[in-house]
Amino acid sequence: MTPSQVTFEIRGTLLPGEVFAICGSCDALGNWNPQNAVALINENETGDSVLWKAVIALNRGVSVKYRYFRGCFLEPKTIGGPCQVIVHKWETHLQPRSITPLESEIIIDDGQFGIHNGVETLDSGWLTCQTEIRLRLHFSEKPPVSISKKKFKKSRFRVKLTLEGLEEDEDDDDDKVSPTVLHKMSNSLEISLISDNEFKCRHSQPECGYGLQPDRWTEYSIQTMEPDNLELIFDFFEEDLSEHVVQGDVLPGHVGTACLLSSTIAESGRSAGILTLPIMSRNSRKTIGKVRVDFIIIKPLPGYSCSMQSSFSKYWKPRIPLDVGHRGAGNSTTTAKLAKVQENTIASLRNAASHGAAFVEFDVHLSKDFVPVVYHDLTCCLTMKRKYEADPVELFEIPVKELTFDQLQLLKLSHVTALKTKDRKQSLYEEENFFSENQPFPSLKMVLESLPENVGFNIEIKWICQHRDGVWDGNLSTYFDMNVFLDIILKTVLENSGKRRIVFSSFDADICTMVRQKQNKYPILFLTQGKSDIYPELMDLRSRTTPIAMSFAQFENILGINAHTEDLLRNPSYVQEAKAKGLVIFCWGDDTNDPENRRKLKEFGVNGLIYDRIYDWMPEQPNIFQVEQLERLKQELPELKNCLCPTVSHFIPSSFCVEPDIHVDANGIDSVENA
């Protein structure tokens, strides 16, 4: 095939060590794999921007799609191997740039990085080969800093974190792999402050750091290629620098220092935990107190290369509020009016889908042998047989994580509510149903393969939560390693999702953070109960109120929040507040089962409503995605124009309008399948 020499040009400014690169749909552009992308070369400065170019041979007459990103190219791990690529920012327009070269030589001036067809759409990258360390200081359980000296008893403290790499002897290497390839990645540090009112992200700190406040979450994010080779130094200062200041000190108000070697975290073998570090005085180097440092380690998803072909992490197409089937056809165990189909089974999910549910919501966690299973509770009841008893049936509560997938399929298991049932034997017989789609504990892979792709999945990732009183969900104070747990679930979804619409959600803020950092395709919503009279308050400060949940979602750059209906009915302004911040908002809770409440919530402007027994309110019908697909076909095929099937107008009221604050790509939305 005749080649065409295409010169791609883009303008933009970079940080030291960064380059622009191009990635696209053909071999020459890496087949959407950023590791095989082509780096652009700096040509000359033009005003406030710099011109970057790359000359690439493409097949003449063949259409090619592509995107630009900025990041770092690092030396290969092995001789002759591919470069390690770190993506900092990339273009995520729903429709990528495209070209069909028809001449032997052509120059493509793509203007400013991130702007395509007049619309700027950029998103942050994900972890490709680097590790992210998060260190947090907060008052969720107790004040993070405790100093024993009397003169500091009433002091408030400021903290500054300094990041240093441990010294290593390095050979001088004057032979560069290329002008765009770095020998090593520079460690990065970002400081974040999250509260009800706002969030702040900074790459620099005041000389005396930031103040610790009871209502504020302070977080330090470090990206590094050497997670076990860092020295992290916390310096503590008095909040009120007008008192206890020793004249002539280099750092007025300096109280003491705590040091953490990242190897301590690495050697613990844990993805999350709490470390207590001694605080040493500024002069005598005696221990004067301690600091509690909450940490998580986020590792890249192993054995899976994320594609740049498309991303929905921050994309939401404006529609009327979507109906989402709670646990499929509804709660069948603990609510006032139980669903007629057992919850979280394929039959239940299929029932909701057949009644027009746009999405079905269900819960996923792992069996003992690391198989992702669909089940709501962290524990279940195992049937025990007693000897020499008139009633041989006894129920024993056991964590789901203690049973293998085969055991979950073969053993006679009951929901924990069976413990409260007077006739336990009868409750067991009622649950017995050998039709496979009615069986509890289907695997996530089985569910992905069984339901039609036009049904969206809202996958809630289960994790243990601690209540403010110290009690843990399911009385489980320990659980799986968070990285291993998520890697298995995410790979199962990414490898089996096809073209299905998927939205993740979780009550655990760290799960939301990790899902965002480990993959670039699917969005996640932060589940929050806010202020509730129904449920006990959670320990995590980020879960306490709906406003701080919004601030967290903004800080993590996730799609939005899934708020408790009880809190939204009490504070309707939260809905528009979330939208003004560019967030999508779903709602959940028993109050959503009331049709009058659903009417109010739709008027408020929520994007999705999760509720039980959709079959009670909607007849068997196609969902909105199927109707939209039919509308597209009608436009493309004239013979379908007179079809009497439901149309989009059946779902869209006259008052419907586009929400300008939600990330929406206006270019060719309807031509992208399953957007």
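Along the chain as shown, residues are numbered 1 onward.
A Cβ is built for glycine as well, from the same backbone N, Cα and C atoms used for every other residue.
The substrate binding site annotation in Swiss-Prot covers ARG70, HIS88, LYS89 and rests on sequence analysis. The C-beta environment of HIS88 (substrate binding site), restricted to residues of the same chain at least 6 apart in sequence and closer than 8 Å, consists of LEU15, GLU18, PHE69, ARG70, GLY71, CYS72, SER124, GLY125.
What Swiss-Prot records for 1-115 is domain 'CBM20', and it gives sequence analysis as the kind of evidence.
For the domain 'GP-PDE' (321-621), the mean pLDDT of the prediction comes to 91. What Swiss-Prot lists as domain 'GP-PDE' is 321-621.
Per Swiss-Prot, the feature phosphoserine maps to SER178 (among others).
Annotation source Swiss-Prot lists phosphoserine at SER427 (among others).
The phosphotyrosine feature in Swiss-Prot is assigned to TYR611. Sequence-distant neighbours of TYR611 (phosphotyrosine) (same chain, six or more apart, CB under 8 Å from its CB) are ASP323, VAL324, GLY325, HIS326, GLY330, THR592, ASN593, ARG598, listed in sequence order.
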Of ARG70, LYS89, the binding-site residues given in the record, which has the fewest other CB atoms within 10 A of its CB?
LYS89
Identify all same-chain residues not among ARG70, HIS88, LYS89 whose C-beta atom falls within 8 angstroms of the centroid of the substrate site's C-beta atoms; report them in sequence order.
LEU14, GLU18, PHE69, GLY71, VAL87, TRP90, LEU122, SER124, GLY125
Could you tell me how many residues in the domain 'CBM20' (1-115) are helical, how many are strand and how many are coil under DSSP?
6 helix, 66 strand, 43 coil
For substrate, with binders ARG70, HIS88, LYS89, what's the maximum Cα separation in whole Å?
6
